[in-house]
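Asks: The structure under discussion is supplied below as structure tokens; questions concerning it will follow.
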Amino acid sequence: MMSLGRESNNKLGRKKMGSILQLVVVVTLATFMIPSNANLTSNFYEKVCPQALPLVRSILHREIIRQPRIGASLLRLHFHDCFVNGCDGSVLLDDTPNFTGEKTALPNLNSIRGFEVVDKIKAQVDKACKRPVVSCADILAITARDSISILGGPHLWYNVLLGRRDARSASRDAANTNLPPPFFNFSQLLSNFNSHGLNLKDLVALSGGHTIGFARCTTFRDHIYNDTNINHMFATSLKKNCPRIGGDNNLAPLDPTPAMVDTSYYRELLCKKGLLHSDQELYKGIGSESDKLVELYSRNPLAFAEDFKASMIKMGNMKPLTGNMGEIRRNCRRVN
Ligand code: HEM
């Protein structure tokens, strides 16, 4: 009897162990499958370098006064960083013999800018912190948040989550595949955003990033010469500075107030004055969900601010490297 009892006890014990093991496997798998942002926190640098964030903001403020477009360029850098293998500073890496980085991918070549300002901020922050503690990926997230609130006002300020670490590699192919081009139609834009875990509201709200900055003729030429969903006078006025042939790098503002984060971007879409084909795809006047969001943001700056901030935080949470993954780069252009 005794031995039988022990055997069944052992069996029970093995069964219990089995279920515990199963649970551990499921929890571990789930942890890896959920895009992890659990380790990002808003007070990440509070103890190790409390002066870091105020310093980034003050350097950036000075730079924006010197060259107002830099805020737009830095916001775009954060977007292009996050959409390619997560927000890991990979967009900042120069090519090496081991990999071709993202800077020469089609959406980035002769287009993304702001690297010198990132270098300047990184050097001054490392000096103030006495060692490299703030990652390049976090510098992009902080400068994006600060650019928006400096150019838009305090209602656009949000608690940026921090603690990202920097990638040790980058991929031109991944940048070419994952960044949406301006000739995408609405369903292509939406499926691109969906593939990054973002939804329709995120697409319409984040496209509000085009409330600041400029685009080159080459990115909107087809739209002004060949599209019908565009205000005729608006198209004509743009053709002077963007001929059919030549002038590829001539700039036009993405909305009438390119140094101000406001909702005029959405008001322009209502009049078919979106600069890029992809902008105008968000509003066609057919009563779609996207149309309704454009209408809402065009008349309600606070609704835009709330949704934009929430979507920025969501974008910033995309696949960060945390813990002991990646590294804290000393120079944002090179792995350590
Ligand atoms: C929805 C898909 C998007 C497409 C197709 C797109 C495309 C473009 C293109 C073609 C340009 C002009 C680039 C050039 O002329 O060199 C541009 C500029 C810009 N984009 Fe986007 N973009 C998208 C979403 C976003 C998002 C989500 C953000 C940020 C939240 C953003 C922020 C910006 C900014 C700030 C600029 C101006 C940069 C500067 O002046 O230096 N874009 N975008």
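Glycine is no exception: its Cβ is also placed from the backbone N, Cα and C atoms.
Note: TrEMBL annotation is automatic and uncurated.
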Asks: Choose one of C49, C82: the cysteine that TrEMBL connects to C87 by a disulfide bond.
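Replies: If we follow TrEMBL, the cysteine bonded to C87 turns out to be C82.
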Asks: Quick one: which of C49, C136 does TrEMBL link to C129 by a disulfide?
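Replies: Within the candidate set C49, C136, TrEMBL assigns the bond with C129 to C49.
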Asks: Around S90 (Ca(2+) 1 binding site), which of the listed recorded positions (H80, C136, P180, C332) come within 10 Å, judging by Cα atoms?
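Replies: Near S90 (Ca(2+) 1 binding site) by Cα: H80, C136, C332.
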Asks: Listed recorded positions are C87, D88, C242; which sit with C-beta under 6 angstroms of ligand 1?
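Replies: Not one meets the Cβ criterion.
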Asks: Within its own chain, what residues at least 6 apart in sequence put their Cβ under 8 Å from the Cβ of G86 (Ca(2+) 1 binding site), listed in sequence order?
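Replies: Within the chain, G86 (Ca(2+) 1 binding site) has Cβ neighbours under 8 Å at M318, K319, P320, L321.
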Asks: Among the recorded positions listed here (C49, R76, D88), which has the Cα closest to the Cα of C242 (disulfide bond)?
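Replies: Considering only the listed recorded positions, the nearest one is R76.
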Asks: Compute the mean position of the Cβ atoms of D81, V84, G86, D88, S90, E102, which form the recorded Ca(2+) 1 site, and then list in sequence order the other residues of that chain whose Cβ is within 8 Å of it.
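Replies: Sorted by sequence, the hits are H80, C82, F83, N85, C87, G89, V91, A137, A167, A170, A174, A175.
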Asks: Cα-Cα separation of V84 (Ca(2+) 1 binding site) and P180 (substrate binding site), in Å?
Replies: 11
Asks: Near C136 (disulfide bond), which residues of its own chain have a C-beta under 8 A away, given they sit six or more steps off in sequence?
Replies: G89, L92, V118, K122, D166, R329, C332
